[in-house]
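Enquirer: Take a look at what TrEMBL says about it:
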| type | residues | note |
| --- | --- | --- |
| DOMAIN | 2-115 | domain 'Formamidopyrimidine-DNA glycosylase catalytic' |
| ACT_SITE | P2 | active site, schiff-base intermediate with DNA |
| ACT_SITE | E3 | active site, proton donor |
| ACT_SITE | K60 | active site, proton donor |
| BINDING | H93, R112, R155 | DNA binding site |
| DOMAIN | 240-274 | domain 'FPG-type' |
| ACT_SITE | R264 | active site, proton donor |
Amino acid sequence: MPELPEVETVKRTLNQLVAGKTIRQVSVHLPRIIRRPDDPVLFAEMLRGQTIQDVQRRGKFLRIILNDLVLVSHLRMEGRYGVYPSGEPVEKHTHVIFHFSDGTELRYKDVRQFGTMDLFETDQEWTLPPLCKLGLEPLDESFTYEAFRARIGKRETKIKPLLLNQEYIVGIGNIYVDEALFRAGIHPERTSDSLKPAELRNLHNAIVETLKEAVDAGGSSVKSYVNGQGEMGMFQQRLNVYGRESQPCPRCGLPIAKTVVGGRGTHYCRKCQPLKSKKVRV
Ligand SMILES: [Zn+2]
């Protein structure tokens with residue numbers, strides 16, 4: 001599933017490709033991708049004549065800003081966008097096509113069919129699901145150590161599932177949570193109330209650094225991830241633990257361990273991320 005860095009990459013690419021274009025018509029081939037309004041004909045009717053002003057991101061959601069509407073899109077497992085000339089043959093699994101007045105098309109393709117689109121009047125999107133319950137935005141200025149500690153600290157819950165919960169912090173999925181915990185030297189099964197202030201501070205830094213580096217690298221290419229221009233992300237080469245079971249830890253050389261935490265496959269180093277709290281650098 002694309003995480004914050006991949007969605008950020010799609011956002012930037014889409015902005016370059018479709019900002020300023022006006023929607024002439026919309027074809028919906030798989031109605032269940034459209035959740036709001038629940039009538040695909042009305043969805044298409046509302047979008048006709050709207051111009052794409054900007055593409056933004058909140059957590060793993062894309063926000064496509066139109067004249068007086070906002071289209072909230074989640075790619076889920078394998079959703080992806082592409083821009084094509086209108087004559088180009090339509091590939092299999094293309095479920096929604098936005099036809100622009102300039103003869104190009106934005107096509108939404110989704111093999112697994114888990115992606116969603118919700119259309120709102122401007123600003124209404126913040127008061128309703130799916131955006132109304134989202135937690136802290138880790139690359140925003142508001143993601144301070146104090147805000148992080150207030151949201152995450154002092155809970156008897158394991159730290160990994162806590163970081164994956166989008167109501168606490170958005171955008172982090174299974175890849176970047178393992179990477180951030182490795183970077184901070186924290187075992188994924190530690191409970192948040194067992195973390196010392198210095199560890200919590202390290203974790204806050206690790207989350208920001210991991211996500212920023214991945215955004216700079218254009219997102220991860222794990223599991224055939226491709227951005228909106230068809231370019232593969234480059235972050236895969238930089239992963240320290242995720243997908244590296246039995247390979248040497250880049251820090252200490254011991255084999256990377258794999259276990260299951262909160263139902264999710266989890267990669268970590270037994271030595272660098274001990275289950276018992278260790279002495280940490282401040
Ligand atoms: Zn290690």
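Cβ coordinates are placed from backbone N, Cα and C, and glycine is handled just like the others.
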Enquirer: So which of the binding-site residues is most packed in, judged by how many other Cβ atoms lie within 10 Å of its Cβ, out of H93, R112?
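Expert: Result for the most crowded candidate: H93.
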Enquirer: Can you tell me how spread out the DNA site is, meaning the largest CA to CA distance among H93, R112, R155, in Å?
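Expert: The two farthest binding residues have Cα atoms 43 Å apart.
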Enquirer: Given R155 (DNA binding site) and R264 (active site, proton donor), what distance in Å do their CA atoms have, once rounded to a whole number?
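Expert: If we compare the Cα positions of R155 (DNA binding site) and R264 (active site, proton donor), the gap is 20 Å.
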Enquirer: Quick check: of the active-site residues listed here (P2, E3, K60, R264), which one has the Cα closest to that of R112 (DNA binding site)?
Expert: P2
Enquirer: Quick one: what's DSSP say for K60 (active site, proton donor), helix, strand or coil?
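Expert: Reduced to three states, the DSSP call for K60 (active site, proton donor) is coil.
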Enquirer: Determine, to the nearest whole angstrom, how far the Cα atom of the residue listed as 'active site, schiff-base intermediate with DNA' is from the Cα atom of H93 (DNA binding site).
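Expert: That separation, Cα to Cα, works out to 18 Å.
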Enquirer: What is the separation, in Å, between the Cα atoms of H93 (DNA binding site) and K60 (active site, proton donor)?
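Expert: K60 (active site, proton donor) has its Cα 22 Å from the Cα of H93 (DNA binding site).
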Enquirer: Considering the recorded positions K60, R155, R264, which residue's Cβ sits among the greatest number of other Cβ atoms within 10 Å?
Expert: K60
Enquirer: With DSSP assignments reduced to helix, strand and coil, which class does R264 (active site, proton donor) get?
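Expert: Its secondary structure by DSSP: strand.
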Enquirer: Take the domain 'FPG-type' (240-274) and average the pLDDT across it for me.
Expert: 97
Enquirer: Select the most exposed residue of P2, E3, where exposure means the fewest other Cβ atoms within 10 Å, treating these as the active-site residues.
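Expert: Ranked by other Cβ atoms within 10 Å, the active-site residues P2, E3 bottom out at E3.
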Enquirer: Write down the Cα-Cα distance for R264 (active site, proton donor) and K60 (active site, proton donor), rounded and given in Å.
Expert: 19
Enquirer: Do me a favour and check the Cα-Cα span between R264 (active site, proton donor) and E3 (active site, proton donor); whole Å is fine.
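Expert: Between the alpha carbons of R264 (active site, proton donor) and E3 (active site, proton donor) there are 15 Å.
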